[in-house]
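*Asks:* Please see the structure below; I have some questions.
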Amino acid sequence: MYGIEYTTILTFFVSFIILDYTIKTLTRAMDFIIYRFLLVVVILSPLLTAQNYGINLPITGSMDTAYANSTQEENFLVSTLCLYYPNEVVSELNDDSWKNTLSQLFLTKGWPTGSVYFNEYSDIASFSINPQLYCDYNIVVVKYSTELQLDISELANLILNEWLCNPMDITLYYYQQTDETNKWISTGTSCTVKVCPLNTQTLGIGCLTTDTETFEEVATLEKLVITDVVDGVNHKINLTTATCTIRNCKKLGPRENVAIIQVGRSSTIDITADPTTMPQTERMMRINWKKWWQVFYTIVDYVNQIIQVMSKRSRSLDAAEFYYRV
């Protein structure tokens, strides 16, 4: 009996020694593998690069104070700037290397060669309806035009903000605007818009719903119309549907990576004083018209101050994606 007990104890003791030895062996092997792996990582780390997915903090500021002509010390190595201008610029400058000249001048303000893009447009009205704004920062240069002098605030409103729009069936339905961010936007070759406000019994207020001649005319033969009526009141709408389309639009918010520079003479209507564009006045500037070279020199001088009141692109390469959605 004692022999069996001694044998059991001896077996247990030997098993314990073997288990302890096995664990220590595995521990030494794991330590060897881990330390070798860390050594390889340390050696290769300086040779590897990786993408840093950080958070883009918006650039904020105020342009209530006078602009200062400054040169940015650090380069905008990860930013792009698009400058949009009317196509008449090319013919007036008559210089095949004007873009290269401006690129070199932007370089003195901290914008590397290749980070500034020049894009021309033929018609500011068409451009504002479907703006293709591809850069981190976008500056739109708008020259004063007598044909569009009363539309410039509406154009600025379209460019500086993102809109969500849906088609309207004015032959079947009455429409009302819910708040100040709700507008009716009409576009086409010739838009004449008339409205008839309705009371709670759907009877015309100062007009007859059956006679469009009694409707109030809010726009005549225009290419772009942003109609703003009394909120919370149903309206019957009459429109030249053959040459114009109308959409019910909601302003989603500002395009904070877009700024407008208005170029004009002393008689130019100042859009920065318009109540429809007042919330964006810090992203609207005016340059008195002289020559296009003078305009561009001024833009180069003050580009960094303009950028400081803008926020870098954060949602889409194509701003039109947020414009007309059906």
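All residue numbers here begin at 1 and follow the chain in the order shown.
Cβ atoms are placed via backbone N, Cα and C, with glycine included.
Not measured: the values here are computed from a predicted model.
Reproduced below are the annotations present in Swiss-Prot:
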| type | residues | note |
| --- | --- | --- |
| SIGNAL | 1-50 | signal peptide |
| CARBOHYD | N69 | N-linked glycosylation site |
| DISULFID | C82-C135 | disulfide bond |
| BINDING | D95, G206, T214, E216 | Ca(2+) 1 binding site |
| DISULFID | C165-C249 | disulfide bond |
| BINDING | Q177, D228, V229, D231, D301 | Ca(2+) 2 binding site |
| DISULFID | C191-C244 | disulfide bond |
| DISULFID | C196-C207 | disulfide bond |
| CARBOHYD | N238 | N-linked glycosylation site |
*Asks:* Rounded to an integer, what is the Cα-Cα distance in Å between V229 (Ca(2+) 2 binding site) and C196 (disulfide bond)?
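*Replies:* It is 10 Å, counting Cα to Cα.
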*Asks:* So among C191, C196, G206, T214, C249, all listed as recorded positions, which is physically nearest to Q177 (Ca(2+) 2 binding site)? Use the C-alpha atoms.
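*Replies:* In terms of Cα distance, Q177 (Ca(2+) 2 binding site) lies closest to C249.
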*Asks:* To the nearest whole angstrom, state the Cα distance for the pair C135 (disulfide bond) and D301 (Ca(2+) 2 binding site).
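*Replies:* If we compare the Cα positions of C135 (disulfide bond) and D301 (Ca(2+) 2 binding site), the gap is 20 Å.
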*Asks:* Please report the three-state DSSP label of G206 (Ca(2+) 1 binding site).
*Replies:* coil
*Asks:* Using Cα-Cα distances with a 10 Å cut-off, which of the recorded positions D228, N238, C249 are near T214 (Ca(2+) 1 binding site)?
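*Replies:* Close recorded positions: none.
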*Asks:* Across all the protein chains here, work out how many other Cβ atoms are within 10 Å of the Cβ of V229 (Ca(2+) 2 binding site).
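*Replies:* Looking across every protein chain shown, the total is 19.
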*Asks:* Enumerate same-chain residues with a sequence separation of six or more from C196 (disulfide bond) and a Cβ-Cβ distance below 8 A; give 'none' if the list is empty.
*Replies:* G204, I205, C207, L208, T209, T212, T214, F215, E216, H235, K236, I237, N238
*Asks:* What is the total of other Cβ atoms whose distance to the Cβ of C82 (disulfide bond) is within 10 Å?
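*Replies:* Excluding its own Cβ, the number within 10 Å is 19.
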*Asks:* Between the recorded positions C191, G206, C244, which lies closest to D228 (Ca(2+) 2 binding site), Cα to Cα?
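*Replies:* Minimum Cα distance from D228 (Ca(2+) 2 binding site) across C191, G206, C244 lands on C191.
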*Asks:* Measuring Cα to Cα, how many angstrom lie between D95 (Ca(2+) 1 binding site) and C82 (disulfide bond)?
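*Replies:* Distance between the two Cα atoms comes out at 20 Å.
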*Asks:* Ten-angstrom check, please: count other Cβ atoms within 10 Å of the Cβ of D228 (Ca(2+) 2 binding site), all chains counted.
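*Replies:* Result for D228 (Ca(2+) 2 binding site): 13 neighbouring Cβ atoms inside 10 Å.
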*Asks:* Please identify, from the recorded positions Q177, T214, N238, the residue with the sparsest Cβ neighbourhood, meaning fewest other Cβ atoms within 10 angstroms.
*Replies:* T214
*Asks:* If we check Cα distances from C82 (disulfide bond), which of the disulfide-bonded residues C191, C244, C249 wins as closest?
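*Replies:* So, of the listed disulfide-bonded residues, the one sitting closest to C82 (disulfide bond) is C249.
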*Asks:* Closest to D231 (Ca(2+) 2 binding site): which of the recorded positions C165, G206, C244, C249, going by Cα position?
*Replies:* C249
